[in-house]
Every structure is written in C-alpha cells, then in structure tokens.
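Per TrEMBL, the feature domain 'G-protein coupled receptors family 1 profile' maps to 53-290. Per TrEMBL, region 'Disordered' is recorded for 320-343. Annotation source TrEMBL lists transmembrane segment at 40-61, 73-97, 155-176, 192-212, 233-258, 270-293.
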Amino acid sequence: RGSAKVMTDWSNVTVSGHQELGLKPEELPKSKCVLGFIPVIYYSILLCVGVPVNILTAVALSRLASRTKKALYYYLLAVTGSDILSQLFIIFVGFLLETAVFHRDVPTLLLHSVSAAEFAANHASIWSTVPLTVDRYVALCHPLLHRQISYPARARKIIAGVLALSLVSGVPFFWWSDMWRNSDPPTALDTILIWTHVTIIYFLPCSIFLVLNSLIIHTLRSAPPRRLGKTTAMLLAITSVFSVLWAPRTVVVIYHLYVSSVHRDWRVHLAYDLSNMLAMLNTAVNFFLYCFVSKPFRGAVRDVLLLRGAPTNASISSLYSGNNKRSQRDSIPLSPRRTRKPS
C-alpha cells in the first residue's frame, strides 16, 4: 500500500459522485498507488534510523534524569518512548507487516486490535508533548510555583495519566473501518471517528501549543525583556515541527471525507501518501533537534556511544543550557542540591 496502516483507512465515495456516474460503489474503479514501492523504502529507512536514534535518545535522557532529578527529563523521556511505540506499531506492524507483507490478509480481530493499538500509540506520542509545554509555561511565567510543583514523582504520575488516557482513547478505533477495501460511503460512525481522531491528534493539542507558546513569548517580551533560552527554543521547535508535519495530513483527511475519495481518486491517494510520510517523520526528528541545541545532550550521547559511565556533576548542569545564567532565565534547577523536593 501507499501509506502506514493507521494512516490509510479513510475512503469516501460521495453519494453525488455515485449518482453522476450511475455506478454502485463496488463498480467504481479503485485508485492506484502512484508512488509504487517508494513508501515501502521510505518507511523501512525511517524505521531503521528512527528506532535506534530514539533508543539512543532514551538512554541519554535517562542518564541525565538520574543525575539531575529534573521533571523536564521525564517528560522528554515520555515523548521519546511514545515515538518508539508509534514507530513499532504504526510503521513496522501496521504498514510493513500487515499491509506491505501480508496485504491485510490477516484475521479481522487481529486487524482491529492492532488498529486500536496504533491509534493509542499515536495519541500518546502527540499528547506526551502537552505536559512538557505546560511545564515550560509554568517555569517561565510562574517560576516560584514551578519550583514547588515540578518534581520527578509528580511528573511520573502525570505521564502515567497521559499514557492511560491515550490507551483508553484508542479503544473506540477498534471499529475503524478498513476503507481501502470498503468502497461504500462512510457511515455516521466513520465520520465521528475521523473527526474524533483529527481533533485528538491535531486541533486540540495545537490549540494548547498555540495558547501556551503565545503566553511564553509574551512573557519573554515583557519588561524587562529576556532572551529566548535554549529550553524554550527547543520547546517551540518541537511543537512547531509537529504542527507543520501533521497539517497536510489533517487537511487531506478532511478533504477526503467531504470532497473526494482516497479509494477512488489517485490524486487524493497521492496527497494522502505524501502527507502520511511527513507525519511519520515527526517520530524521528527530536534526536537531531536535541543534538543541534544541547551541548550536554551531545556529551551524554557521546558517552553512551563510547560506553562511558554516567555524566559527572561538572559535565552536566541542564539538558538545554550549558551555563547557570541561561538556566535561571528558563527557571530550571541547575543541580540536585537546588531541586525542590515535595514535603
């Protein structure tokens, strides 16, 4: 097929189109995959590169978190872990195995169960960024409150709650229709699931990112003006990259639902394949963003690759800041002795 399984189930054959052609849904020709084997090659490369770099990211962040005891690192670990799950369930199981290898010729129960797992992993990957954004907002706009409420134990509870809600949110998509094989128009349930999905994975999180990031920027520009710290810059980069990479797919899905069909129109099919490829790229870019911004993170990665011990107090003070002044600007504790623990 031309895209990952969780991304390739929408198909809409409009009633007006049926009436104009005078054909039944099953009699209409099916659109061809213009890209051929390009998606298979692309997703294979993305999987082979993305999973190792995300595992490397997780190990490096684990070292930093164990040394500094900062809640920020646990949120980043949650994002990385969710990205790994998305790559395994959506790309490896959903696309490469179910679709490209077995051509969806698997038991229906297994097909729907994997679909629910894919949506749950997808939602977790996106919503793990929300607590990170809230944490940075509180750190910059309410620094005293941040020192009181931001600590690893609370971060772990928040992450567990996000993952649990993501798992629950994937359950309704057990009934997600296999529209690549079903040429009938979408039912009311299909429409509800599609709108629920695009709201969960794009409209709602992007609204939160937009509001909180706007407040952060406003605070930085207020008197006295402050420079944009590396932690804040990284947050803006992560949320901006997500918004850009997922926007095309969201537009194509809605266009497919109301205007034309992925199942019947090769142009929509092509646009859908390309937008899915962009969306899945989001699961593999954070490692390179971290390396570009953070010298301590690069040092932690280098230590992992060279099989060195955990970083020392002298070599790491913050994931995104190499000096005390910048860390104070972002209201991040600089060392374990300054970390406020819960009473």
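Just so it is clear, glycine is given a Cβ too, placed from its N, Cα and C backbone atoms.
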Among 40-61, 73-97, 155-176, 270-293, which stretch has the highest count of C-beta pairs below 8 Å with the transmembrane segment (192-212)?
155-176
Closest-packing stretch to the transmembrane segment (270-293), where packing means Cβ pairs under 8 Å, from 40-61, 73-97, 155-176:
40-61
Long-range environment of the transmembrane segment (73-97) - Cβ separation under 8 angstroms, sequence gap at least 6:
1, 3-8, 39-40, 43-44, 46-47, 50-51, 54-55, 57-58, 61-62, 64-65, 114-115, 117-118, 121-122, 124-126, 128-129, 131-132, 135, 152, 155-156, 159, 162-163, 166, 238, 280, 283-284, 286, 319
As a test of reading the model: what is the averaged pLDDT for the domain 'G-protein coupled receptors family 1 profile' (53-290)?
88
